[in-house]
Amino acid sequence: MESNCTAPKHGLEGDADLNFLLVGGELIKIRSSSWKRNRFFKLQEDCKTLWFESHKTFRKNQTFSIDDIESVRKGRQSEGLNKHTDPSVEEMCFSIIFKGRKKNLDLMAANGSEAKQWVSGLDKIIHNMRNLSRQQKSEHWIINCMRKADKNADNKMTLKELKHFLRQVNVEVDDTYAAEIFKTCDTSNSGSLEGEEIEHFYDLLTHREEVDVIYGKYAQTEGQMSSKDLLNFLLTEQMEKVSMEDALKLIEKYEVDGTAKQNKRMSKDGFLMYLHREEGSIFNPAHKQVYQDMHQPLNHYYISSSHNTYLMEDQLKGPSSTEAYIKALMKSCRCVELDCWDGANGEPVIYHGYTLTSKVLFRDVIKAINDYAFKTSDYPVILSLENHCSVDQQKLMAHHLISILGEALLTKPVGNTMPSDFPSPEGLKGKFLIKGKRLNKLDAALNNNNSTLEEDTVSEEDEAADCKENGHKSKSKKSKIKLAKALSDIVVYCKSVHFSGFEHAKDCQVFYEMSSFKENKAFNLAENSGTAYIHHNIDKLSRIYPAGSRTDSSNYNPVPMWNVGCQIVALNFQTPSKEMHINQGRFLQNGLSGYVLKPEFQRSLSSQFDPNTGPWLKRKTFYVMVISAQQLPKINKDKHKSIVDPLVRMEIYGVPADNASKETHYIDNNGFNPMWNEKFQFNIHVAELALLRFVVEDYDSTSQNDLIGQYCLPLSSVQNGYRHVPLLTKRGDVICSAGLFVHLMLVDAQ
């Protein structure tokens with residue numbers, strides 16, 4: 001239990017940046033132009049906690065975990081630093097960005113060199129912590145809890161301290177059992193555990209009986225797994241298409257015992273290491289990279305999309321911020337919304353019109369988008385403009401878009417010829433597309449038939465596609481606004497038009513003319529005209545957005561919209577919810593690119609598929625056994641005697657026939673290593689559209705269960721066999737040491 005830095009320090013021994021953080025130093029904490037205070041910051045010896053002094057009378061010292069940090073930004077890259085500091089101190093500034101809604105920590109060092117060391121050192125620690133296996137994180141979490149339980153820091157553990165430790169790791173045992181464990185380990189009969197006795201206690205505590213059973217079944221070579229035994233396990237249980245060469249590679253990669261590795265065998269420790277790494281994860285590691293064909297037309301993909309992206313909270317009085325755009329883009333969101341209104345001093349602003357939400361400059365938003373759009377994905381970003389500005393401020397909007405985004409802004413069709421289809425995500429890498437109103441059709445622009453007028457009028461809502469020659473009457477909106485030609489001209493592949501029915505769209509709309517649908521209308525169309533909606537989305541884009549009544553920024557279920565091929569299914573990214581978990585699961589695959597290729601039956605005009613009625617193509621049966629969980633977090637951390645009573649629920653989301661939910665029984669007072677061994681079966685009609693969500697809850701007989709953790713992924717990305725399932729918080733952040741252990745089989749239905 002001695003203080004050490006082993007986990008996050010791995011590979012950084014003697015590193016100058018790490019040593020700099022351990023010594024610590026003075027930084028200026030910045031909250032506003034008038035509030036700037038010197039504070040001492042220092043990385044603690046565990047290398048997982050940052051300490052800083054506070055001048056608050058009730059809290060002199062404060063700490064936060066490195067694990068709570070989402071990222072560290074060098075320079076004046078936060079809204080606060082950009083607003084409250086001078087450009088001359090750019091090199092001295094940096095920001096610590098936290099997960100969730102915790103405010104950024106804006107800091108300034110004495111000089112650029114020190115700022116660089118702070119950023120570099122923190123980045124190294126964060127990177128190392130994130131690259132630890134779940135097993136390593138688990139070990140260090142337990143050791144840290146042991147250290148906290150050792151109240152007098154004598155590196156010994158009394159029976160009282162052992163009981164306190166067990167409650168910390170979320171397991172309740174009666175006094176008799178605790179005394180038995182203690183007596184078993186106290187071989188010296190000294191009344192306290194130390195040294196090897198603590199190691200023995202740790203081994204007893206972390207023993208994985210369920211893994212022993214699996215390992216014992218296949219370890220047929222002097223108590224260990226030979227390469228042949230391992231191959232047998234991979235083929236039989238994991239249902240993988242592998243060879244002896246693959247088995248040998250796993251031994252070389254994960255075996256921790258030198259003699260076993262030399263003999264081409266895998267010990268139990270090596271086997272456990274394999275199960276905790278990506279090869280043993282539920283999520284197919286091949287899907288962590290871009291693995292789909294990215295050369296299809298843009299509308300053949302689901303596109304990760306945000307609604308009212310500028311909002312940090314609710315739709316009525318919450319703050320608007322560039323930070324909201326950064327967070328969405330860093331989550332690979334590829335379509336963001338900009339609600340544009342006339343602002344003071346001739347500068348357009350973004351906010352939720354006619355409400356008390358705060359305002360942010362359009363120019364600052366475009367700068368933030370330009371800086372962060374392609375950090376996590378190279379694929380194109382669509383800027384969806386809701387334009388309520390005067391012509392003069394529209395011209396300024398166009399100027400900002402062109403001057404800030406530069407050549408990354410698409411202002412003409414690819415190839416400078418009249419297209420008949422969308423370009424591909426691959427062909428639009430690193431590009432910005434503007435979605436908005438346009439005064440004329442693309443062919444007019446390419447043939448230099450542009451009107452010389454600097455402005456003209458269009459519908460304030462959406463334009464109606466003009467199709468009188470085909471016998472369709474266009475619906476005209478009463479409310480009109482003036483549209484600046486400069487802004488109109490940079491709308492290329494995403495021209496907003498009013499939806500007047502599928503037949504009208506088929507006969508009248510050009511492929512680049514797209515409609516937006518409020519959720520209620522979209523759900524009605526999906527339910528009553530599923531096949532027609534799919535055909536509409538085969539050559540056009542559709543955007544779905546939440547109803548205006550969702551003032552709390554809640555979300556609708558995106559799955560029925562994906563079922564009919566809608567591409568831009570916009571959600572409130574700022575609201576942690578089941579719907580956002582599902583969205584995160586949908587876009588977990590394909591390298592977190594923000595683009596997922598739709599199934600073939602949603603891309604072929606010959607398809608007669610209807611998500612409500614079929615025809616069903618390849619039915620599957622999905623078998624799930626929930627075996628155990630490890631190190632679930634405590635829900636009520638303020639009450640040290642509070643222990644969770646966990647249950648696991650599995651939810652399938654897809655076509656209506658596939659939607660299902662099944663759960664285990666709950667286990668009393670054990671969040672550390674609960675065991676279920678419960679089996680479930682799901683009948684799957686359309687596996688290509690199905691998503692699997694695990695939910696772990698703390699059972700409560702008198703009130704609603706509390707969420708402990710969750711994880712969602714496409715059923716097509718699930719690996720068969722014995723797998724570990726990571727768990728995420730409500731906000732979608734990884735819970736470091738926690739997880740589930742399951743057995744899965746997705747097979748063709750008989």
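Please read every residue number as a count from 1 along the shown chain.
The backbone N, Cα and C atoms fix where each Cβ goes, and this holds for glycine too.
Annotated in TrEMBL:
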type	residues	note
ACT_SITE	His307	active site
ACT_SITE	His352	active site
BINDING	29-56, Lys435, Lys437, Ser516, Arg543	substrate binding site
BINDING	Asn308, Glu337, Asp339, Glu386	Ca(2+) 3 binding site
BINDING	Ile643, Asp645, Asn669	Ca(2+) 4 binding site
BINDING	Asp698, Tyr699, Asp700	Ca(2+) 5 binding site
DOMAIN	20-127	domain 'PH'
DOMAIN	137-172	domain 'EF-hand'
DOMAIN	173-208	domain 'EF-hand'
CARBOHYD	Ser188	O-linked glycosylation site
REGION	453-472	region 'Disordered'
Most Cβ neighbours inside 10 Å, all chains, among the binding-site residues Glu53, Glu337, Asp339, Glu386, Asp700: Glu337
Mean predicted confidence [pLDDT] for the domain 'EF-hand' (173-208): 83
From Ser33, His307, His352, Asp698, Tyr699, Asp700, the recorded positions whose CA lies within 10 Å of that of Asp645 (Ca(2+) 4 binding site): Asp698, Tyr699, Asp700
Residue, out of the binding-site residues Phe41, Glu45, Asn308, Asn669, Asp698, whose Cβ gathers the largest set of other Cβ atoms within 10 Å: Asn308
Spatial neighbour of Lys435 (substrate binding site) that is closest, considering only the recorded positions Ser188, Glu337, His352, Tyr699 and their CA atoms: Glu337
Proximal residue to Ile643 (Ca(2+) 4 binding site) among recorded positions Glu337, His352, Asp700 (C-alpha distance): Asp700
Rounded to the nearest Å - Cα separation of Asn669 (Ca(2+) 4 binding site) and Asp698 (Ca(2+) 5 binding site): 10
Which listed residue (Lys29, Arg37, His307, His352, Lys435) has most other Cβ within 10 Å, given these are recorded positions: His307
Distance from His352 (active site) back to Glu386 (Ca(2+) 3 binding site), taken between C-alpha atoms, in Å: 10
All-chain count of other Cβ atoms within 10 Å of Thr49 (substrate binding site): 16
Listed in sequence order, residues with CB under 8 A of Ser188 (O-linked glycosylation site) and six or more positions away: Glu197
Between His307 (active site) and Lys29 (substrate binding site): CA-CA distance (Å): 33
Candidate nearest Arg37 (substrate binding site) in space, where candidates are the recorded positions Glu337, His352, Asp698, Tyr699, Asp700 and distance is Cα-Cα: His352
Which of Ser33, Ile643, Asp645, Tyr699, the listed binding-site residues, has fewest other Cβ atoms within 10 Å: Ser33
Rounded inter-Cα distance in Å - Asp339 (Ca(2+) 3 binding site), His352 (active site): 7
